[in-house]
Amino acid sequence: MKTHIPHAKSGVVRKYRDRLPGIPDGAIVSLGEGDTPLIEAPRVSELAGARVYLKFEGANPTGSFKDRGMAVAMSRALAAGNRACVCASTGNTAASAAAYAARVGIRCFVVVPAGGVALGKAVQVLAHGARIVQIEGSFDEALRLSRRAAAELDGVALVNSVNPDRIAGQKTAAFEVCEALGRAPEALAIPVGNAGNITAYWKGFCEWSGPAPRMLGFQAAGAAPLVLGRAVERPETVASAIRIGDPASREGALRAVGESGGEINAVTDAEILEAQALLARAEGVFCEPASAAAVAGLLKLAREGRSPGGTVVAVLTGHGLKDPDAVKSRAELPEPVPADFGALAARISGETEP
Ligand SMILES: *Cc1c(COP(=O)(O)O)cnc(C)c1O
C-alpha cells in the first residue's frame, strides 16, 4: 500500500534525499518535519536596522528543529538494525528522540541533568514512553555517559548531534531559507548551545550555490564558552536549551564564524526574556527563551551600532510552549471575578479608549 500522500508535508528525508546520507526506502521515518514558515518581522526589523525574517522551527512536529536531524538519525538507526537509542539532552533532543523512537518502535533512553529540563519537554518524553535518566550532573556529563553507552552496548544508536546524521538532517533548514528567499540572506542569527545547529546551517549554506550569509551565533552570558574561549563548568541561564558549558561541535561553530566573517556574542538573561516578550507581543510569535537569544543578539548589535543590515534570518529554534514556567513565573493568572457583563464591558472600554 502506498502510504505517502503526494501533497502532504513529506518530511526532510524524502524532500532532500539526494543531499543526505543513504537511506533505504523501507527505513524512511518522518513525522512531517521541516517546511517551517519564514515569517516577516516588521517590529523587530525596525529595532534591528535590518529586514528580519523569523525561521520558526517551533512549527516542527515536536516543537523544535531537532526533528530535522532526528528524522535522518532515526531512519539510519533503523536501517542499521538498532534496537534502542540513547541521547543526552537539555530537553528538545529528548522530546524529539522519544517521538521518533516511538514511531519506529525502538527503545529510547534520554540522559538529562536533574532539574534542568523545561516542563513541556519532560512531559513530551513521558507521553512518548521514553525512559528518562536524570543524572546529578551537567549536560556535558550526560553527553559523555551517552557516548560511552552507545560505544560499549550492542545495538544502541547515539542520536545526539555528534552523530553526523543529525547535522545532515539539520542542514536542510538552510536549504529552505535559500529556497524561500531565492538566495541566502546577508546574515543568519542563531542561538548556540552544543553548536550542532550553527555547524549544520553553515554546511547547508556551503552546499547551496551562491554567496553564503555571515553567521552570527549567540550564547547566554552565563553559558558562553565560545565567547570566553574556555569551557564553563557550571553554566547558568534561563535559556535551558543552551545551558551548555563545553560544546561538542565547538570546531564547527568556530569554522562557520571564521569562514563567513561572522561572530559569536553573548546576551544576558534579561535581554533574552525581553526579546522573547517582544516576539510574542509585537510579532505574534511565541518561542522559547533559547530561541529568543538570536533576536536579543540582533537588537544588541543594533544598539552597539553594528547592525548587519540587509536581509537577516533569525532562527527561532523551539516553541514557547516548551517552557511554560519561563512566562508564568513573570505573569500570574488573575483571580476569578463574578460573571458580570457590565464589569467586562467597562473593563474593555476602559482599555480600548481611542
Ligand atoms: C538544541 C537547541 C538549541 C541549541 O542548538 P545546538 O545545536 O545545541 O547549538 C537552541 N535552541 C533550542 C530551542 C534547542 O532545542
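Heads up, the Cβ atoms here are built off N, Cα and C, so glycines get one too.
TrEMBL does not curate its annotations; it predicts them automatically.
Marked as pyridoxal 5'-phosphate binding site by TrEMBL: ASN92, GLY193, ASN194, ALA195, GLY196, ASN197, THR317. Marked as domain 'Tryptophan synthase beta chain-like PALP' by TrEMBL: 29-318. Annotation comment: TrEMBL describes LYS66 as N6-(pyridoxal phosphate)lysine.
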Quiz item: So what sits near THR317 (pyridoxal 5'-phosphate binding site) in its own chain, CB-to-CB under 8 Å and at least six residues off in sequence?
Solution: GLU57, GLY58, SER64, PHE65, ASN92, ILE190, PRO191, ASN197, ALA241, CYS287, GLU288, ALA290, SER291, ALA294
Quiz prompt | Rounded inter-Cα distance in Å - GLY196 (pyridoxal 5'-phosphate binding site), LYS66 (N6-(pyridoxal phosphate)lysine) | solution = 10
Exercise. Starting from the pyridoxal 5'-phosphate site formed by ASN92, GLY193, ASN194, ALA195, GLY196, ASN197, THR317, give every other residue of that chain whose CB sits within 8 Å of the mean position of their CB atoms, in sequence order.
Key: SER161, PRO191, VAL192, ILE198, ALA241, ILE242, ILE244
Quiz item: Cα within 10 Å of LYS66 (N6-(pyridoxal phosphate)lysine): which of the binding-site residues GLY193, ASN194, ALA195 qualify?
Solution: none
Practice problem: Write out the long-range same-chain contacts of ASN194 (pyridoxal 5'-phosphate binding site), meaning residues 6 or more apart in sequence whose Cβ is under 8 Å from its Cβ. | Solution: PHE139, LEU143, ASN160, SER161, ILE244, PRO247, ALA248, SER249
Self-check item: Nonlocal neighbours by CB distance (under 8 Å) for ALA195 (pyridoxal 5'-phosphate binding site), same chain, sequence gap 6 or more
Solution: GLY217, LEU226, PRO247, ALA248, SER249, ARG250, GLY252, ALA253
Practice problem: According to DSSP, folded down to helix, strand and coil, what is GLY193 (pyridoxal 5'-phosphate binding site)? | Solution: coil
Quiz item: Can you count the other CB atoms that lie within 10 A of the CB of ASN197 (pyridoxal 5'-phosphate binding site)?
Solution: 30
